[in-house]
Amino acid sequence: MKVYLCAISNISSGVCAEDCKFCTQSTKYRADIPRYKYKSIETIVEEAKKAKAAKAIGFCLVTAGKGIDDKILDFVTQAARAVKKEVPDISLIGCNGTAEVWQLKELKHAGIDNYNHNLETAKSFYEQICSTHSWEERYQTCLNAKEAGLNLCTGGIFGLGESKEQREEMMDQIASLEPMSVPINFYHPNEALPLPQTTIDPSDALSIIQDMRKRVPNAMIMVAGGRELVFGEQWPKILDAGANAIVIGDYLTTKGERPDKDIQTLQKLGVEIATSCHE
């Protein structure tokens, strides 16, 4: 099998006015995280170069906030063009919240190849997690990304207090969008957040990956946030469960494993690391 590696850059951090209960970037909670409006373009380009050197085929430009406005659109398109100029063969992913088709077309024109917008949780559970924007807005943005000609990456977060039935519901809703990639995140507790300070059981996490794979047999399944927390050194079990992609390096506001250590683990297992999104 081949494993796909992706890196992310939090190009705008901790300045979100929404109230998603799982997210330390919300200004409504007092999580101890870095907060800044924008990174410099130079910093973003250097991070992309490091990601490519660490065998990442994807590099995600993430902004904090509900969705795209004119300032965010201008900044992300600038960043995308700068990265593509210096690292032309890396696949760029935009993750910039809710968006209209015309905005997403602007991102595509600037060099964004894929758009990540997670459903986060099941429609029936969503109102218990977020009140400042609707689940329907999130779903529509996913449809908009496809209409704009972008590859869709959409998944969610497990372990927020949802029931088993709601997990099944969310997986069905994700599958209905026929995404290219499905990021699976596991909730990372933080004392500043109004959710239980509990972590999903590893066996449950593996079952989720298996169930998701049954629904999207041809999609990339990427285990992202919470991988190290939930699985520790046993994380390669996700590959047997059906995952074929991971995020390397740090996440938005939590630390990840060193990329070289993950690569070493994969090489010891004899796993081939993909060199293109389309292999």
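From the backbone N, Cα and C atoms, a Cβ is placed for every residue, glycine too.
As recorded in Swiss-Prot, the features of this protein are as follows:
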type	residues	note
BINDING	C16, C20, C23	[4Fe-4S] cluster binding site
BINDING	C60, C95, C153	[2Fe-2S] cluster binding site
DOMAIN	1-227	domain 'Radical SAM core'
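Overlay of Swiss-Prot annotations on the structure.
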residue	record	contacts (Cβ under 8 Å, 6+ apart)
C16	[4Fe-4S] cluster binding site	C23, Q25, S26, T27, A64, G65, K66
C20	[4Fe-4S] cluster binding site	S26, E120, I129, C130, T132
C60	[2Fe-2S] cluster binding site	C6, A7, I8, S9, L92, I93, G94, C95, N116
C153	[2Fe-2S] cluster binding site	I93, N114, Y115, N116, H117, P179, M180, S181, V182, P183, M222
Can you list, in sequence order, the residues of the same chain other than C60, C95, C153 whose CB lies within 8 Å of the CB centroid of the [2Fe-2S] cluster site?
-> C6, I8, G58, L61, V62, I93, G94, N114, Y115, N116, H117, P183
Neighbour count (Cβ, 10 Å) for C23 ([4Fe-4S] cluster binding site) | 22
Within 8 Å of the centroid of the Cβ atoms of C16, C20, C23, which other residues of that chain place their own Cβ, given that this set defines the recorded [4Fe-4S] cluster site?
-> E18, D19, F22, T24, Q25, S26, A64, C130
How many other Cβ atoms sit within 10 Å of the Cβ of C95 ([2Fe-2S] cluster binding site)?
-> 22
Integer average pLDDT (0 to 100) for the domain 'Radical SAM core' (1-227) = 95
Which of the three DSSP-derived classes (helix, strand, coil) applies to C23 ([4Fe-4S] cluster binding site)?
-> coil
